[in-house]
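Novice: The topological domain 'Periplasmic' feature in Swiss-Prot is assigned to 1-11, 70-76, 125-137, 243-262, 307-341, 417-430 (among others); the stated evidence is sequence analysis. The topological domain 'Cytoplasmic' annotation in Swiss-Prot covers 33-48, 98-101, 159-164, 218-221, 363-395, 452-470 and rests on sequence analysis. For 12-32, 49-69, 102-124, 138-158, 165-185, 197-217, 222-242, 263-283, 286-306, 342-362, 396-416, 431-451 (among others), the entry in Swiss-Prot reads transmembrane segment.
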Amino acid sequence: MTELPDNTRWQLWIVALGFFMQSLDTTIVNTALPSMAKSLGESPLHMHMVVVSYVLTVAVMLPASGWLADKIGVRNIFFAAIVLFTLGSLFCALSGTLNQLVLARVLQGVGGAMMVPVGRLTVMKIVPRAQYMAAMTFVTLPGQIGPLLGPALGGVLVEYASWHWIFLINIPVGIVGAMATFMLMPNYTIETRRFDLPGFLLLAIGMAVLTLALDGSKSMGISPWTLAGLAAGGAAAILLYLLHAKKNSGALFSLRLFCTPTFSLGLLGSFAGRIGSGMLPFMTPVFLQIGLGFSPFHAGLMMIPMVLGSMGMKRIVVQIVNRFGYRRVLVATTLGLALVSLLFMSVALLGWYYLLPLVLLLQGMVNSARFSSMNTLTLKDLPDTLASSGNSLLSMIMQLSMSIGVTIAGMLLGMFGQQHIGIDSSATHHVFMYTWLCMAVIIALPAIIFARVPNDTQQNMVISRRKRSL
């Protein structure tokens, strides 16, 4: 890093700033949801669309971000990403209704979807290959600090100012980042193949419509027949994409990816697994505030052990997988996460609050081990010609499944919380207890998929990639 020219180091700082903004936003909002609900006159049990709208937009836009950067230039797209994210933040802060807030989050999601992948692409283009790992470590470090800082910062801003400030703090940072990008970042472009617009539209429509159909009756008052039509339309769009990809060699995601058994199993397991684990960052702060009466600040502080556990486990997960194998690790962590989730609910409802940080630390560790194992299992056996496409598809599936998870969590809260409930009341406890029990079942189900993974205790993605590059 020290050998790099000054202008390159400044460019890395710009990318790191974008990573920080995006990662901070993914965690800072959850703590503020109950306060947003009160301000907007909505039930706190129906605020999940604020999260879903952002994550789903990121999932939809991810496949286009790399192509746009290659075609239009990394500087232009990164600049546009920061501007859109900052404008979205401003409109979020100015929102007076839930629908306005959801639309503003969609705009924010368009910027967020381009920020991280285009940032990675920028690092690849401006840094020599020998220093790429050090540069990526540098720019992703703020992305690890964001989730650690987000819940507590969100709690402080909500408790001592207002929820609007969780979005307003992005504006000065975004202005500085946009100006620095325009002035300092080179605009690399390369020749690209034709973008698969029909495939992109089919996938985007399918993902958006299916997610909407999951919870349209509760959040938007859509009739059951209309929901059934939406579900059928979304499924048809996905099937049409599969037919399109089968006939087109230039499809967005080649069906040849699924000729690799570990990729197919890993992708299916990642999709199902992240539906369950995607509920936890949304449900935990809402449960602590609405279910137990915690202040926003204290609820935010409670999330820090979970992030610390996740960061700590990343250092040893490779050794664990090499020792026990993917199948044992994935089955054990999947069932373990379900048990830890039930333990968290039990400890909280029993009033043993002093144990909550320890349980959340354990939850973060188990979840991190499962995430890392799912990612490497999915990609480890792909040929080099398909590795980039497989990684893009995995990233899209990760975001999609998390949006579905939050949608299902909101649907469960709405289903069990039909009557008006008060903070830290017996009725509220029952609503969250039933919701958490259903969540534990959903979290545990992917163990059935992971039980089919080959028991390859000696194979590891890092090892195979190194061998392949020699």
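Just so you know, glycine gets a Cβ as well, placed from its N, Cα and C.
Computed from a predicted structure; not experimentally measured.
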Novice: Taking the transmembrane segment (431-451) as the reference, which of 138-158, 263-283, 396-416 gives the largest number of Cβ pairs under 8 angstroms?
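Specialist: Against the transmembrane segment (431-451), the leading stretch is 263-283.
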Novice: Do any residues, 6 or more residues outside the topological domain 'Periplasmic' (70-76), come within under 8 Å Cβ-to-Cβ of it, and if so which ones?
Specialist: 118, 121-122, 125, 181-182, 185-190, 192, 195
Novice: Sort out for me which stretch, of 12-32, 165-185, 342-362, has the most Cβ pairs below 8 angstroms to the transmembrane segment (49-69).
Specialist: 12-32
Novice: Average the pLDDT scores across the topological domain 'Cytoplasmic' (33-48) and report the rounded value.
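Specialist: Computed over the topological domain 'Cytoplasmic' (33-48), the mean pLDDT is 85 on the 0 to 100 scale.
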Novice: Taking the transmembrane segment (342-362) as the reference, which of 102-124, 197-217, 286-306, 396-416 gives the largest number of Cβ pairs under 8 angstroms?
Specialist: 286-306
Novice: Hey, which bits of the same chain come close to the transmembrane segment (286-306), Cβ under 8 Å, at least six residues off its ends?
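Specialist: For the transmembrane segment (286-306), the list is 27, 30-35, 44-45, 47, 148, 150-156, 158-160, 345, 348, 353, 356-358, 360-361, 363-364, 367, 413, 421, 423-424, 428-429, 431-432, 436.
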Novice: Residues of the same chain, at least six outside the topological domain 'Periplasmic' (307-341), with any C-beta under 8 angstroms of its C-beta?
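Specialist: Same-chain contacts beyond the flanks: 27, 144, 147-148, 151, 269, 273, 276-277, 280, 359-374, 376-377, 436, 439-441, 443-444, 446-447, 450-451, 453-458, 460, 462.
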Novice: Quickly jot the same-chain residues contacting the transmembrane segment (197-217) by Cβ under 8 Å, restricted to those at least six beyond its ends, or write none.
Specialist: 48-49, 52, 56, 59-60, 63-64, 223-224, 226-228, 230-231, 233-238, 240-241, 244-245, 248, 251-253, 396, 400, 403-404, 407-408, 410-411, 414
Novice: Given a Cβ distance threshold of under 8 angstroms, which distant residues of the chain, six or more beyond its ends, lie next to the topological domain 'Periplasmic' (243-262)?
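Specialist: Distant contacts of the topological domain 'Periplasmic' (243-262): 63, 193-194, 196, 198-200, 202-203, 377-378, 380-383, 386, 389-390, 392-393, 453-454.
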Novice: Near the topological domain 'Cytoplasmic' (159-164), which residues from the same chain, at least 6 beyond its ends, have a CB less than 8 A from one of its CBs?
Specialist: 32, 35-36, 39, 93, 295-297
Novice: Of the listed stretches (138-158, 165-185, 263-283), which one yields the highest count of Cβ-Cβ distances below 8 Å with the transmembrane segment (12-32)?
Specialist: 138-158
Novice: Looking at 102-124, 138-158, 165-185, 396-416, which one has the highest count of Cβ pairs under 8 angstroms to the transmembrane segment (263-283)?
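Specialist: Answer, by Cβ pair count: 396-416.
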